[in-house]
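Starting off with a structure, shown below.
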């Protein structure tokens, strides 16, 4: 095989890899807790794993809480582990209306100036001063994935969600690159319902960098 044939073959393989389906993760409402807040809500009860998640080292815990806002409450909101340095609550726009909380659209971890909420566990209550957000839709990927897809950490891209009979394109999808991440797009339940993505065959494909 000469150089030109090799380059043609490599280009074809890379193009096929760029068109491969991106696994879709639908994020239901959930919480992340720091160690101090966890110990207050679940004293003498070590965090326990219920289900492993796709991202390495992350899991859904057995522990759940009730969120209480000015207008309503949401029960059985699952804790995701492991514990973090700062507590955070991720909900959908629909959830925010149910609670009566003006949760801003933010990237995970960006909680400055965000509203709080009351957390109730089977053992205690805690008034979280801040940390309630609607999570910005995003794609997790490794540096190799980013190289293949021609994107960088912090980029905004357009992604097509291929669900049932509907196909919906989401703009402003944030790219998050880390050696510890696996390729997966995260959307919330409102976005999943709009795209008809509530079936196991649903997947995402990159449309174009923005």
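Just so you know, glycine gets a Cβ as well, placed from its N, Cα and C.
Predicted, not measured: the structure shown is a model, and the values here were computed from it.
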In Swiss-Prot, 138, 140 are given as binding Zn(2+) 2, so which of 153, 186 is in that site too?
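So, going by the record in Swiss-Prot, that would be 186.
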According to Swiss-Prot, 26, 27, 28, 71, 193 bind CoA; which one of 20, 78 is annotated to that same site?
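For the CoA site that includes 26, 27, 28, 71, 193, Swiss-Prot also lists 78.
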Looking at Swiss-Prot, 30, 32 are annotated for Zn(2+) 1. Which of 90, 112, 125, 165 sits in that same site?
90
Measuring CB to CB from residue 138 (Zn(2+) 2 binding site), give everything in the same chain under 8 Å that is also at least six residues away in sequence.
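Those within reach of residue 138 (Zn(2+) 2 binding site), by Cβ under 8 Å and sequence separation of 6 or more, are 107, 173, 174, 175, 176, 185, 186.
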Based on Cα distances to residue 84 (phosphate binding site), point out the closest of the binding-site residues 28, 32, 90.
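Of the binding-site residues 28, 32, 90, 32 has its Cα closest to that of residue 84 (phosphate binding site).
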Can you give me the residues near the recorded Zn(2+) 1 site, meaning same chain, not 30, 32, 90 themselves, Cβ no more than 8 Å from the center of the site's Cβ atoms?
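The surrounding set, listed in chain order, is 27, 29, 31, 79, 80, 88, 89, 108, 135.
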Neighbour count, 10 Å Cβ-Cβ cut-off, for residue 78 (CoA binding site): what number do you get?
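Its Cβ has 17 other Cβ atoms within 10 Å.
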Out of the binding-site residues listed (71, 140, 193), which are within 10 Å of residue 30 (Zn(2+) 1 binding site), Cα to Cα?
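Close binding-site residues: none.
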Taking the Cβ of residue 71 (CoA binding site) as the centre, count every other Cβ atom within 10 Å, in any protein chain shown.
11
